[in-house]
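If you check TrEMBL, you get these features:
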DOMAIN    1-399  domain 'Major facilitator superfamily (MFS) profile'
TRANSMEM  7-29  transmembrane segment
TRANSMEM  35-56  transmembrane segment
TRANSMEM  68-101  transmembrane segment
TRANSMEM  170-188  transmembrane segment
TRANSMEM  219-240  transmembrane segment
TRANSMEM  252-275  transmembrane segment
TRANSMEM  287-303  transmembrane segment
TRANSMEM  309-327  transmembrane segment
TRANSMEM  348-368  transmembrane segment
TRANSMEM  374-392  transmembrane segment
Amino acid sequence: MRVRLYSFILLLNSYITGLLVPVFSLLLIDRGATLSKLSILIGIYSFSVIVLELPTGIMADIIGRKKTFCLSLIVSLLFSVVILLSNGLVILYIGMLLYGLNRAISSGSFEALFIDSYINEFGKDRLHVVTTRINVIDALGLSAGALTGGYLPEISSKYFFSIGMYDLSLIVRIILAFIILILAIVYIKETLVNENKKQISLLEHIKNSSNRVIKNKNIICIFISVFSTGFLFSSLETYWQPHFISLMPNNGAMFLLGVMAFIYLAAAMAGNIIYGRVFSKLNTKKMYMLLRSILAMVLIITASQTNMVLFMVFYSLIYLFFGMANIPESVILNREIPNEFRASVLSLNSLILQIGVLFGSFINSIIINYSTIPGLWFIASGVIITTILIIYKKLMSVQIKKESIYEGVNKTSID
């Protein structure tokens, strides 16, 4: 029952996030941003996440994931209201700060709550099942929200003349966020991970979780890889909409933005499902390295496309392989994290992602003045390939060492 409830809440929360996916950059441009200002606005969002990500993750471990998740929904409501009423860059800056705060508070809190609840009920051996479930539901909600978000501007322009083209998306987002908040307050029941243990101080919690990360090569390798993912998405998610419009034969077919967003998010969901059903029994680390390599190659092919249909196909393939790679990445990471540190380490993981986004946004805001949008994607593929080369030996050496230990134990038991 609890798994179904958490799945429904996660689905709704992902849906309201997806509402803005196909139009977010266009919404910011409509509110006064330019192409160069887009990277700055995304950078502000990433900076606020970077500053607040880890503190809010620690807060979730200490005060509880339910309270933290509810706080994130309140901030989400504030963000939507501010952007809805915004008129000028200054208000947009404030809105992006709130968006980053919402992202920082929400990341890790509900996911940790879901994972811990599942582990307590079914055991850690089924970690890949809950990881796949979370990723599939998240992708399903995002894709459904994106499809809806692509049509809402057209509905708004036809039937709601008194509001802006993208205002209806924000209004729907506000209503649903309020509903999710009520559901979370009333129905989520949390058992604190430390309730049966001696309460530790904030500094001791930080020290223990930091030691856990620093001494674990698997976690460090995943963090390096996640940084490159942030760099990649700083260029993909910021510039795909204007680039896609430039490939459209008819600029009036704006609904295709929603269709495109739905397709690539559905591809990510399909990637989650395919990995869970076909590849989950194979070597997790080897599959992760292989899928990340394919992702980089597909990105290069996508950047080379000048036909709209082919661009849609290969852009969706990026998310298909990203969705597939996301499962082994999550499994490798969550296997190494004790329950009492899960929200903190997951927030740190999200922090690394946002550092990659911020760094990418800074680089992209400069390069876009001298290059094309596909040029940014060629650079991003180079970053992905570089991090693969950096982490491959360390990640696989840990695997080899563990396999050697198991072989030694088996040999001893046989003798």
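Any Cβ shown, glycine's included, is placed from N, Cα and C.
Within its own chain, the transmembrane segment (287-303) has Cβ neighbours under 8 Å at 225, 232, 275, 279, 311, 314-315, 317-318, 321-322, 324-325, 328-329, 332, 374-375, 377-378, 380-381, 384-385, 388, 392, 395-396, counting only residues six or more beyond its boundaries. Same-chain residues lying 6 or more positions outside the transmembrane segment (309-327) and placing a CB less than 8 Å from one of its CB atoms are 128, 131-132, 135, 139, 229, 236, 240, 244, 247, 260, 263-272, 274-276, 279-280, 288, 291-292, 294-295, 298-299, 301-302. Listed stretches 7-29, 35-56, 219-240, 252-275, 374-392 were compared with the transmembrane segment (170-188); the greatest number of C-beta pairs under 8 angstroms is found for 7-29. For the transmembrane segment (35-56), the residues of the chain that approach it from at least six positions outside its boundaries are 25, 28-29, 68, 89, 92-93, 96-97, 99-101, 103-105, 107-109, 230, 234, 238-239, 242, 344, 347-348, 350-351, 354-355, 357-358, 361-362, 364-365, 368-369, judged by C-beta separation under 8 angstroms.
Residues 35-36, 39-40, 42-43, 45-47, 49-50, 53-54, 57, 100, 103-104, 107-108, 209, 213, 222-223, 226-235, 238-239, 333, 375-376, 379-380 of the same chain lie 6 or more positions beyond the ends of the transmembrane segment (348-368) yet place their CB under 8 Å from a CB of it.
Scored by C-beta pairs under 8 angstroms, the transmembrane segment (7-29) has its highest count with 252-275, from the stretches 68-101, 252-275, 374-392. Outside the transmembrane segment (252-275), and at least 6 residues removed from its termini, the chain residues within Cβ reach (under 8 Å) are 18, 21-23, 26, 132, 135-136, 139-140, 142-144, 146-151, 153-154, 240-241, 244-245, 287, 291, 312, 315-328.
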